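Taken from TrEMBL, the feature active site, proton donor/acceptor applies to B:554. Look at TrEMBL and you will find B:210-216, B:292-295, B:344-350 tagged as FAD binding site. Annotated substrate binding site per TrEMBL: B:491, in sequence order. Taken from TrEMBL, the feature domain 'FAD-binding PCMH-type' covers B:178-360. The site 'Important for enzyme activity' annotation in TrEMBL covers B:395.
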């Protein structure tokens, strides 16, 4: 309830909010003058200014690390001094070295780069003002989403511009190994975390103490990506809890009065690395982060990437959010310097908070007209896109229709004033082109190679283009997911009974909770939200016990159901693969290409209509969904990610998804018939 | 607490003691008893030899003769704003008495946004008609009369014994609101009287509530509204003799109704002291200390009540409980004294106590240290505790309390003193670079041989210096301790001007001191804001005791309640939230105030269900019919 209220206030707050283009002033003044401006931020009250070396010293000399070092020394038989030496090494590799001089350098370069890349960078001033206030009251955690390398220092850049203390930022270790750039990032406030820490006890200890010390002392705001990494699909990623645990622990242990979480939503009209992402998802390895690579990438500077929005969400008080959810006195009986496994109550609370943040990021993101177009383009048959072309007129009209739906669903749109459609398509010339009243998918051919492409290569080529579209569609998905799942439930169950729909809604929500962000324990609120949104747009009528589909709502329902269709199909296919092919035990390395091969075959034979199953992201999500449903288990002892599949369980889950679709009650079938002709509503789900 | 507020050398102390005696003597020329309900009776005590005649005691049967009925302490002592608008402390009893306090008004106005124009005067006199007529148990009364023990059902007598000094209790009285009060007050004169009263109460099923000094701040004295039996308040104040002093073993056997100041004064006359000086010692009684597990300011030398007590005699519905000898320590199963200490009047009445005494200290010296901030101060106290070299008392006030203490400086007599003050301030803030909004002060009290005191003093100041502490003089230290005794009077002044507040305490391990202080203070501020308090509250704390493994912290919390329709409820909600915060951060439910009825709801989580069961089974055995029915603790 509080949450709903929170999301609504957030929304209503943001609705009348003005965004300011921070590049505008930059274009008028000199970059150098800007970089050398006086920077005089108001820090967290009572926080002692603490230098990097103070911070590192505090970490190394902490009671916690002493204890862990002793423990590890005992376990491994080496000397405590040696372990502590090792800890020092880890800390050196990890720690940031924030220096104002480098912030200025960063600001100067960014100015140059951003002015090239973007037409505007919009920032909501009200959010910044609230942040400024919050920073003086308690330690602040900045939690942006991560959609592009470009946004790595964007928050620092904005905060520098507005005289707010510069954050220290958690980054992946590969960035640190870039020559020069790694060091610049370090001095701009980045600290570096290894990717696969696994069970390295000492590393965990150093990292967690480092993070906790930053939060405890409040010496700088801490920025990290709760999603863990850059989303390759532009869709929100199920949050990772490791950092979140560390960040919140000082509150749970009473070492700070409160912690403020600031969700930040960064949205792009066009993402710089769009094609790289698609290729990566199709299994083409991503180039290693390197400085030379960065310079090579400088050709991206020639392109136009439209606008970027940085939306600072309302600061959230951890204390307020956790009230009544946890009992902090569980830490009373053990010295707080000793490691203590948090209770499930606390773990659940952390998980809930992390999901809440990601949902808030979603709510704060701006949806571009292009995302809506992508939703629609993906609902057209693939041959239309690649060969015949889609009617421009129909597309624009439908986009306007969708705009209205998004507004009904309280989505936040970034809708420029004039010439929306054609400028949007022009901006995305790398994906579609508009010719003679029709729109075609651009397939990035490689004209240099003379050899004709094999059918499989053709599929991959199309898939790359489609996945780019998919990623832009994904930016709008959060608005439609809840009503979409209800529409799917209505479609599959053919039921009008609310409780029946609710239980199917919950089932779908469970199956897809690695795919979309659902706040744990909020199924009934999600269902209510879906109901009220569908009712609001006139798609259904809702009474005490029933949900009745209205004639006027068929267009909406069919759109929503088709929007989620690729996910249903992909999951079905992978379920089938797991049931029919292969052994009971498989590794991830075997699984991904095998699914990809099967899917390619089916696409070529015309039995599969979605390319999304080719994406490694989808494949991994299915795996984690099945693990959550305990149909697949990860083998503990295994080094190379081996999984054991319970075929019966997978089949059962798959059956629920597909069986019902095969025997549609006649009455409802009729209702849908009108639309069936036009929209090819039922894709064969039972492959 | 005459001895403490009275000066640093013993001649000064003596002078004040004399002065106090003469004042008290004045009160003792009692008017002829108009109250027909009171019967005089003598009780033969065992040790007549040392017995000092009751005419020399502070607390008369009719407390109203010298004490306020709806505020703290003596009727003649209170803060007020005189015609010039200057704060003044009336009376002659305290060092501050008769003095002008120039800084107080501005402090009150700036801290609370209080205004002298906005007054909230208290009901001037007790309206007896507002008091419910007593529910008397006639059979009990008849037999009681035959014993000759004095009693009364006069409205004033009953109202005086119906409350402690919680904010809500005093606030209600000031508004003239009176709830359930005892139906009868009895004044036993000795142990045997108590035995008779308890026997009669059991026989006639009457509810007994023991009453000592009436300084409870845990709603312990409130009559349970659901109690349907006749409630009899058993006032121990007339059991106030020192029965004997054992100079060979340094113990004294004392009746439990004696109040702290009398006990100390009388022992002082023989060259001894107990050294037990809780902040309430002017009025609180020995029996009350035992029943609540009291703690004294100078516990570092003398110990808390549990360390001081050698032998206890308590009358329960099952009979009298006492040990058979006075061995200094025994291994005879769980110490039954610990069922008595902290029982809060739920098991019986403590009638006589043998406690340790010490020769009076040769030399006493106050001191103070200024620290750049509270964190350094706490670190210093921790180090002092680690080295086990704490002086008789060491207390650390936070910045707000430091300022408060400053505001209570009486008018200085000479230009020279004020010049010196200015110089000190300049030295600390400008020369030493202390931020006046962050610095804090520790007050110290050393006691013992002169030589040892000086040596000890040096040791403590050396430690303080390591934490950036600067010695700040005896005067600051002494004023700090004086504040303790007048702060309760100050609350009454605040209540005249829309300001309400109270203090509460807790104890915690050393590593949590700073966190609890910060979090609880912040919680108070936030809760006030959430509850609609219009002005920022005063939310401050001090560390008042150090132990090997932790410390005791006092919080003071007050706010201006203008604009609130139910200020007491708001106050209670905030205090409740503050206690939750304390518990969530690993602080205790109480260090020495006790549980009473105010903090009962947290007992189970504090001592576990099994612990509750243990206490419950003791209660069930000792008092199966709930004769001691104040419903505290459990």
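Cβ coordinates are placed from backbone N, Cα and C, and glycine is handled just like the others.
Those TrEMBL annotations? Automatic predictions, nothing curated.
Shown on the structure are the features that TrEMBL records.
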residue: B:210; record: FAD binding site; Cβ contacts under 8 Å, 6 or more apart: B:234, B:236, B:287, B:291, B:345, B:349, B:350, B:628, B:630
residue: B:213; record: FAD binding site; Cβ contacts under 8 Å, 6 or more apart: B:59, B:237, B:259, B:260, B:280, B:283, B:284, B:285, B:288
residue: B:216; record: FAD binding site; Cβ contacts under 8 Å, 6 or more apart: B:164, B:165, B:166, B:288, B:292, B:594, B:596
residue: B:294; record: FAD binding site; Cβ contacts under 8 Å, 6 or more apart: B:276, B:278, B:284, B:288, B:304, B:305, B:592
residue: B:348; record: FAD binding site; Cβ contacts under 8 Å, 6 or more apart: B:198, B:314, B:315, B:316, B:317, B:321, B:340, B:622, B:623, B:628
residue: B:395; record: site 'Important for enzyme activity'; Cβ contacts under 8 Å, 6 or more apart: B:442, B:443, B:480, B:542, B:543, B:544, B:545
residue: B:491; record: substrate binding site; Cβ contacts under 8 Å, 6 or more apart: B:72, B:167, B:170, B:500, B:501, B:502, B:558
residue: B:554; record: active site, proton donor/acceptor; Cβ contacts under 8 Å, 6 or more apart: B:503, B:504, B:505, B:541, B:542, B:543, B:544
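The Cβ neighbour count for residue B:345 (FAD binding site), using a 10 Å radius over every protein chain in view, is 28. Averaged across the domain 'FAD-binding PCMH-type' (B:178-360), the predicted model reaches a pLDDT of 97.
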